[in-house]
Ligand SMILES: [Ca+2]
Ligand SMILES: [Ca+2]
(Lines of atoms letter the chains of each structure in order from A and count residues from 1; the text may use other names and numbers.)
(Lines give C-alpha, C1' and ligand atoms only; values in the text may rest on other atoms or scores of the structure.)
(Ligands and ions follow the chains in the order given, each with its own letter.)
Protein backbone atom coordinates (compact mmCIF):
# COMPACT_ATOMS: atom_id res chain seq x y z
CA UNK A 1 0.00 0.00 0.00
CA UNK A 2 1.36 3.35 -0.95
CA UNK A 3 0.41 6.45 0.91
CA UNK A 4 0.48 9.68 -0.95
CA UNK A 5 1.04 12.46 1.48
CA UNK A 6 -0.52 15.79 1.11
CA UNK A 7 1.14 18.47 3.10
CA UNK A 8 -0.06 19.20 6.58
CA UNK A 9 -1.50 15.83 7.26
CA UNK A 10 -0.91 14.25 10.62
CA UNK A 11 -1.95 10.83 9.42
CA UNK A 12 0.84 10.79 6.86
CA UNK A 13 3.27 12.05 9.44
CA UNK A 14 2.39 9.25 11.82
CA UNK A 15 2.48 6.55 9.19
CA UNK A 16 5.50 7.83 7.34
CA UNK A 17 7.62 7.96 10.43
CA UNK A 18 6.58 4.56 11.66
CA UNK A 19 7.02 2.76 8.40
CA UNK A 20 10.19 4.54 7.34
CA UNK A 21 11.77 3.49 10.56
CA UNK A 22 10.85 -0.10 9.87
CA UNK A 23 12.15 -0.16 6.32
CA UNK A 24 15.78 -0.66 7.18
CA UNK A 25 15.90 -1.27 10.85
CA UNK A 26 14.16 -3.34 13.43
CA UNK A 27 11.09 -1.55 14.68
CA UNK A 28 10.89 -0.75 18.30
CA UNK A 29 7.73 -2.16 19.73
CA UNK A 30 5.76 0.43 21.56
CA UNK A 31 7.67 3.32 20.12
CA UNK A 32 5.53 6.30 19.43
CA UNK A 33 5.24 6.65 15.68
CA UNK A 34 6.15 10.29 15.76
CA UNK A 35 8.99 9.77 18.14
CA UNK A 36 10.81 7.59 15.66
CA UNK A 37 11.27 10.46 13.29
CA UNK A 38 11.64 13.53 15.39
CA UNK A 39 13.92 12.13 18.02
CA UNK A 40 13.23 11.97 21.66
CA UNK A 41 12.45 14.86 23.89
CA UNK A 42 13.36 13.24 27.11
CA UNK A 43 14.64 16.39 28.67
CA UNK A 44 13.33 15.47 32.05
CA UNK A 45 14.53 11.92 32.03
CA UNK A 46 17.80 11.24 33.72
CA UNK A 47 19.15 7.92 32.61
CA UNK A 48 22.50 7.10 34.08
CA UNK A 49 23.90 3.66 33.94
CA UNK A 50 27.34 2.17 33.83
CA UNK A 51 28.66 -1.29 33.35
CA UNK A 52 31.68 -2.57 35.19
CA UNK A 53 33.60 -3.90 32.17
CA UNK A 54 33.93 -0.60 30.39
CA UNK A 55 34.77 1.57 33.32
CA UNK A 56 38.45 0.59 33.27
CA UNK A 57 39.02 1.87 29.76
CA UNK A 58 36.65 4.72 29.35
CA UNK A 59 34.45 5.59 32.26
CA UNK A 60 32.22 7.58 29.94
CA UNK A 61 31.47 4.63 27.72
CA UNK A 62 27.94 3.47 28.45
CA UNK A 63 27.50 6.33 30.85
CA UNK A 64 24.41 8.04 29.58
CA UNK A 65 23.59 11.62 30.16
CA UNK A 66 20.25 13.24 29.49
CA UNK A 67 19.80 15.51 26.52
CA UNK A 68 21.85 18.67 26.75
CA UNK A 69 24.57 17.01 28.79
CA UNK A 70 27.72 15.12 27.90
CA UNK A 71 29.90 12.85 29.96
CA UNK A 72 33.24 14.01 31.30
CA UNK A 73 35.58 12.47 33.85
CA UNK A 74 36.79 14.35 36.90
CA UNK A 75 40.30 14.18 38.45
CA UNK A 76 39.44 10.85 40.04
CA UNK A 77 38.47 9.43 36.63
CA UNK A 78 34.85 9.35 37.72
CA UNK A 79 32.33 10.00 34.97
CA UNK A 80 29.84 12.78 35.37
CA UNK A 81 27.34 14.61 33.22
CA UNK A 82 28.05 18.22 32.44
CA UNK A 83 26.21 20.68 30.25
CA UNK A 84 27.17 20.43 26.61
CA UNK A 85 28.64 23.52 25.00
CA UNK A 86 26.13 24.39 22.24
CA UNK A 87 29.02 25.13 19.89
CA UNK A 88 29.95 21.43 19.96
CA UNK A 89 26.55 20.44 18.54
CA UNK A 90 26.66 19.30 14.92
CA UNK A 91 25.45 22.12 12.67
CA UNK A 92 21.96 21.68 11.27
CA UNK A 93 21.85 20.49 7.65
CA UNK A 94 18.39 21.71 6.92
CA UNK A 95 15.71 24.02 8.16
CA UNK A 96 13.54 21.20 9.45
CA UNK A 97 16.20 20.43 12.04
CA UNK A 98 15.62 23.80 13.67
CA UNK A 99 13.40 23.87 16.71
CA UNK A 100 11.40 26.61 18.34
CA UNK A 101 11.60 27.06 22.09
CA UNK A 102 8.84 28.31 24.35
CA UNK A 103 10.96 31.48 24.57
CA UNK A 104 10.00 31.98 20.91
CA UNK A 105 13.61 31.66 19.82
CA UNK A 106 14.73 29.45 16.97
CA UNK A 107 17.51 27.03 17.84
CA UNK A 108 19.70 25.43 15.21
CA UNK A 109 18.80 21.92 16.33
CA UNK A 110 17.38 20.14 19.35
CA UNK A 111 21.00 19.61 20.48
CA UNK A 112 21.53 23.37 20.59
CA UNK A 113 18.25 23.79 22.39
CA UNK A 114 18.91 21.25 25.13
CA UNK A 115 22.48 22.46 25.62
CA UNK A 116 21.15 25.98 26.12
CA UNK A 117 18.46 24.75 28.47
CA UNK A 118 21.06 22.87 30.49
CA UNK A 119 23.13 26.01 30.97
CA UNK A 120 20.04 27.63 32.47
CA UNK A 121 19.38 24.76 34.86
CA UNK A 122 18.33 25.89 38.30
CA UNK A 123 17.09 29.24 37.07
CA UNK A 124 13.49 30.26 36.67
CA UNK A 125 14.11 30.90 32.98
CA UNK A 126 15.54 27.41 32.53
CA UNK A 127 12.62 25.82 34.33
CA UNK A 128 10.14 27.55 32.06
CA UNK A 129 12.01 26.84 28.84
CA UNK A 130 10.71 23.90 26.83
CA UNK A 131 11.02 22.74 23.28
CA UNK A 132 7.80 24.04 21.78
CA UNK A 133 7.80 22.65 18.27
CA UNK A 134 9.84 21.32 15.38
CA UNK A 135 10.97 23.83 12.78
CA UNK A 136 11.91 27.48 13.01
CA UNK A 137 9.67 29.74 15.08
CA UNK A 138 6.85 31.13 13.02
CA UNK A 139 3.65 33.03 13.48
CA UNK A 140 1.00 30.65 14.69
CA UNK A 141 -2.56 31.82 14.26
CA UNK A 142 -4.85 32.08 17.22
CA UNK A 143 -7.03 29.02 17.56
CA UNK A 144 -10.69 29.98 17.46
CA UNK A 145 -13.32 28.13 19.49
CA UNK A 146 -14.91 26.70 16.37
CA UNK A 147 -11.53 25.42 15.14
CA UNK A 148 -10.72 23.92 18.50
CA UNK A 149 -13.75 21.66 18.20
CA UNK A 150 -12.53 20.35 14.85
CA UNK A 151 -9.21 19.19 16.21
CA UNK A 152 -10.35 16.05 18.07
CA UNK A 153 -12.53 15.04 15.11
CA UNK A 154 -9.52 14.83 12.82
CA UNK A 155 -7.19 13.48 15.44
CA UNK A 156 -9.45 10.56 16.34
CA UNK A 157 -9.85 9.67 12.69
CA UNK A 158 -6.09 9.81 12.18
CA UNK A 159 -5.38 7.62 15.16
CA UNK A 160 -7.82 5.01 13.93
CA UNK A 161 -6.28 5.07 10.46
CA UNK A 162 -2.77 4.86 11.81
CA UNK A 163 -3.67 1.75 13.76
CA UNK A 164 -5.37 0.14 10.79
CA UNK A 165 -2.37 0.88 8.57
CA UNK A 166 0.03 -0.52 11.14
CA UNK A 167 -2.18 -3.60 11.31
CA UNK A 168 -2.15 -4.01 7.52
CA UNK A 169 1.61 -3.71 7.39
CA UNK A 170 2.35 -5.68 10.45
CA UNK A 171 3.23 -9.17 9.25
CA UNK A 172 6.39 -10.00 11.15
CA UNK A 173 7.35 -6.49 12.02
CA UNK A 174 5.76 -6.44 15.41
CA UNK A 175 4.44 -2.96 14.88
CA UNK A 176 1.64 -3.93 17.21
CA UNK A 177 1.53 -6.43 20.02
CA UNK A 178 -0.74 -9.47 19.73
CA UNK A 179 -3.24 -7.94 22.13
CA UNK A 180 -3.26 -4.71 20.18
CA UNK A 181 -3.73 -6.62 16.93
CA UNK A 182 -6.82 -8.32 18.30
CA UNK A 183 -8.34 -4.95 19.10
CA UNK A 184 -7.44 -3.42 15.75
CA UNK A 185 -8.65 -6.48 13.86
CA UNK A 186 -12.19 -5.61 14.90
CA UNK A 187 -11.81 -2.09 13.55
CA UNK A 188 -10.10 -3.34 10.39
CA UNK A 189 -12.86 -5.83 9.64
CA UNK A 190 -15.65 -3.40 10.27
CA UNK A 191 -17.23 -2.70 6.92
CA UNK A 192 -18.64 0.58 8.08
CA UNK A 193 -15.17 1.91 8.73
CA UNK A 194 -14.29 5.14 6.95
CA UNK A 195 -11.30 4.61 4.67
CA UNK A 196 -8.28 6.82 5.19
CA UNK A 197 -8.53 10.14 3.43
CA UNK A 198 -9.63 13.68 3.86
CA UNK A 199 -13.17 13.66 5.13
CA UNK A 200 -15.44 16.57 5.78
CA UNK A 201 -15.92 17.54 9.39
CA UNK A 202 -19.61 16.74 9.12
CA UNK A 203 -18.82 13.23 7.99
CA UNK A 204 -16.28 12.76 10.77
CA UNK A 205 -18.75 13.98 13.37
CA UNK A 206 -21.45 11.72 11.98
CA UNK A 207 -19.13 8.73 11.93
CA UNK A 208 -18.06 9.32 15.50
CA UNK A 209 -21.66 9.23 16.57
CA UNK A 210 -22.55 6.16 14.51
CA UNK A 211 -19.38 4.15 15.05
CA UNK A 212 -18.34 5.48 18.43
CA UNK A 213 -17.01 2.12 19.65
CA UNK A 214 -14.39 2.06 16.92
CA UNK A 215 -12.71 5.11 18.36
CA UNK A 216 -12.36 3.95 21.94
CA UNK A 217 -9.26 1.85 21.48
CA UNK A 218 -7.29 4.26 19.24
CA UNK A 219 -7.64 7.05 21.81
CA UNK A 220 -6.39 4.75 24.58
CA UNK A 221 -3.60 3.42 22.36
CA UNK A 222 -2.12 6.85 21.71
CA UNK A 223 -2.19 7.63 25.42
CA UNK A 224 -0.29 4.43 26.14
CA UNK A 225 2.29 5.27 23.47
CA UNK A 226 3.03 8.55 25.17
CA UNK A 227 2.77 7.55 28.82
CA UNK A 228 6.21 6.00 29.12
CA UNK A 229 8.38 8.02 31.49
CA UNK A 230 7.04 6.90 33.87
CA UNK A 231 4.07 4.71 33.01
CA UNK A 232 1.70 6.19 35.55
CA UNK A 233 -1.52 7.18 33.81
CA UNK A 234 -0.43 10.81 33.49
CA UNK A 235 1.22 12.68 30.64
CA UNK A 236 3.75 15.36 31.42
CA UNK A 237 4.70 18.13 29.04
CA UNK A 238 7.77 16.09 28.11
CA UNK A 239 5.84 12.88 27.49
CA UNK A 240 3.44 14.76 25.25
CA UNK A 241 6.26 16.39 23.27
CA UNK A 242 6.74 13.63 20.66
CA UNK A 243 3.15 14.17 19.55
CA UNK A 244 2.90 17.90 20.17
CA UNK A 245 6.18 19.18 18.77
CA UNK A 246 5.81 18.05 15.14
CA UNK A 247 2.10 18.83 15.18
CA UNK A 248 2.09 22.47 16.25
CA UNK A 249 3.42 23.92 12.97
CA UNK A 250 0.74 21.99 11.06
CA UNK A 251 -2.20 22.40 13.41
CA UNK A 252 -2.48 25.77 15.07
CA UNK A 253 -4.94 24.51 17.68
CA UNK A 254 -2.52 21.95 19.11
CA UNK A 255 -1.25 24.04 22.02
CA UNK A 256 -4.68 25.23 23.06
CA UNK A 257 -6.16 21.76 22.69
CA UNK A 258 -3.66 20.13 25.03
CA UNK A 259 -3.75 23.04 27.45
CA UNK A 260 -7.50 22.74 27.80
CA UNK A 261 -7.26 18.98 27.91
CA UNK A 262 -5.66 19.41 31.32
CA UNK A 263 -9.01 20.40 32.74
CA UNK A 264 -7.89 20.61 36.38
CA UNK A 265 -4.78 22.60 35.35
CA UNK A 266 -2.36 20.49 37.37
CA UNK A 267 0.06 20.33 34.38
CA UNK A 268 -0.59 16.64 33.86
CA UNK A 269 -3.02 15.09 31.44
CA UNK A 270 -4.62 12.14 33.18
CA UNK A 271 -6.12 9.30 31.14
CA UNK A 272 -9.59 10.49 32.16
CA UNK A 273 -8.83 14.01 30.93
CA UNK A 274 -7.32 12.70 27.70
CA UNK A 275 -10.30 10.45 26.97
CA UNK A 276 -12.73 13.23 27.72
CA UNK A 277 -11.07 15.75 25.41
CA UNK A 278 -11.29 13.17 22.63
CA UNK A 279 -14.98 12.82 23.29
CA UNK A 280 -15.05 9.44 25.01
CA UNK A 281 -17.68 8.89 27.63
CA UNK A 282 -16.57 8.53 31.22
CA UNK A 283 -17.77 4.94 31.44
CA UNK A 284 -15.59 3.97 28.48
CA UNK A 285 -12.31 5.04 30.03
CA UNK A 286 -10.52 1.81 30.74
CA UNK A 287 -6.93 1.47 31.97
CA UNK A 288 -6.91 -2.13 30.76
CA UNK A 289 -7.18 -0.95 27.16
CA UNK A 290 -3.64 0.40 27.38
CA UNK A 291 -1.95 -2.78 26.34
CA1 LIG B 1 3.55 9.34 32.61
CA1 LIG C 1 -4.72 17.35 34.82
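For all residues, glycine too, the Cβ spot is worked out from N, Cα and C.
Bear in mind that TrEMBL entries carry predicted annotations, made automatically and left uncurated.
Annotated features in TrEMBL:
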| type | residues | note |
| --- | --- | --- |
| DISULFID | 60-71 | disulfide bond |
| DISULFID | 65-81 | disulfide bond |
| DISULFID | 83-118 | disulfide bond |
| DISULFID | 89-111 | disulfide bond |
| DISULFID | 100-137 | disulfide bond |
| DISULFID | 143-253 | disulfide bond |
| DISULFID | 261-277 | disulfide bond |
| DOMAIN | 82-139 | domain 'Kazal-like' |
| SIGNAL | 1-23 | signal peptide |
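Distribution of TrEMBL features across the structure.
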residue	record	DSSP class
65	disulfide bond	coil
71	disulfide bond	strand
89	disulfide bond	coil
100	disulfide bond	strand
111	disulfide bond	helix
118	disulfide bond	helix
137	disulfide bond	coil
143	disulfide bond	coil
253	disulfide bond	coil
261	disulfide bond	helix
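Between the CA atoms of residue 277 (disulfide bond) and residue 253 (disulfide bond) there is a gap of 13 Å, rounded to the nearest whole number. In space, 118 is the closest of the disulfide-bonded residues 60, 100, 118, 253 to residue 89 (disulfide bond), judged by Cα positions.
DSSP gives residue 81 (disulfide bond) a strand state. Other C-beta atoms found within 10 angstroms of the C-beta of residue 261 (disulfide bond) number 18, with every protein chain shown included.
Among the disulfide-bonded residues 81, 118, 137, 143, 261, the ones whose Cα sits within 10 Å of the Cα of residue 60 (disulfide bond) are 81, in sequence order. Residue 261 (disulfide bond) is 14 Å away from residue 143 (disulfide bond) when you measure Cα to Cα.
A 10 Å radius around the C-alpha of residue 81 (disulfide bond) takes in these disulfide-bonded residues out of 71, 253, 261, in sequence order: 71.
For residue 253 (disulfide bond) paired with residue 261 (disulfide bond), the C-alpha to C-alpha distance reads 12 Å. Each residue in the domain 'Kazal-like' (82-139) has a pLDDT score, and their mean in this model is 94.
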